[in-house]
Amino acid sequence: MALVTTAEVCDTNQPLIHTGELRALQPIFQIYGRRPAFSGPVVTLKVFEHNGLVREFLEEKGDGRVLVIDGGGSLRCAILGGNPVVQAQNNGWSGIIVNGCIRDVDEINSCDIGVRALASHPIKASKKEFGEKHVPITIAGTRICDGEWLYADSDGILVSRMELSI
């Protein structure tokens, strides 16, 4: 989605918005990373104040996918830091959405990957591997399922049941 904006996607796909097949996340996320626009198939993860499973996912080949993490909206610690983001960049992930906090912002901002998060926080999460993989999650007022498509740019974040073209 290098040249196509989320605004253009919305303008072109009004019927999908009305049926709920194309949904916009509430504008609550901060923009991090050197890739302001990114898209790809969604992989979902639900964790709370620990990041063992986050690291596990980002060690896999990304193949242009977007990891969407429901961290419960916690603002008490960071569930994503610089090292896993560097690994995600090197493994071909397109982007990461975090319903929670990140840390190592300067390092993340030097990576060629798109990252969205609620805020930054200096305290790291525990390394426990509790959580749920590939489950439907609800963040920013929007239900997101594994395998859907996510489109993000400076205007916002969209989720679609299928890959869209304009």
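Using the three backbone atoms N, Cα and C, a Cβ is placed for every residue, glycine included.
Remember, TrEMBL labels are computer predictions, not curated facts.
Residues or ranges marked as substrate binding site by TrEMBL: Gly81, Gly82, Asn83, Pro84, Arg103. Residues or ranges marked as Mg(2+) binding site by TrEMBL: Asp104.
Once the Cα atoms of Gly81, Gly82, Asn83, Pro84, Arg103, the listed binders of substrate, are compared pairwise, the greatest separation found is 11 Å. Excluding the listed site residues Gly81, Gly82, Asn83, Pro84, Arg103, the same chain places Ala78, Leu80, Val85, Val86, Ile102, Asp104, Glu107, Ile108 with Cβ atoms within 8 Å of the centre of the substrate site Cβ atoms. Cβ environment of the residue listed as 'Mg(2+) binding site': Gly81, Gly82, Asn83, Val85 lie under 8 Å away, each six or more residues apart in the same chain. Sequence-distant neighbours of Pro84 (substrate binding site) (same chain, 6+ apart, CB under 8 A from its CB) are Asn51, Val54, Arg55, Leu58. Within the same chain, residues at least 6 positions away in sequence whose Cβ sits under 8 Å from that of Arg103 (substrate binding site) are Ala78, Leu80, Gly81, Gly82, Ser120, His121, Pro122, Ile123, Lys124. Gly81 (substrate binding site) counts 20 other C-beta atoms within 10 Å of its own C-beta, drawing on all protein chains shown. When other Cβ atoms within 10 Å of the Cβ of Asn83 (substrate binding site) are tallied across all protein chains shown, the result is 12.
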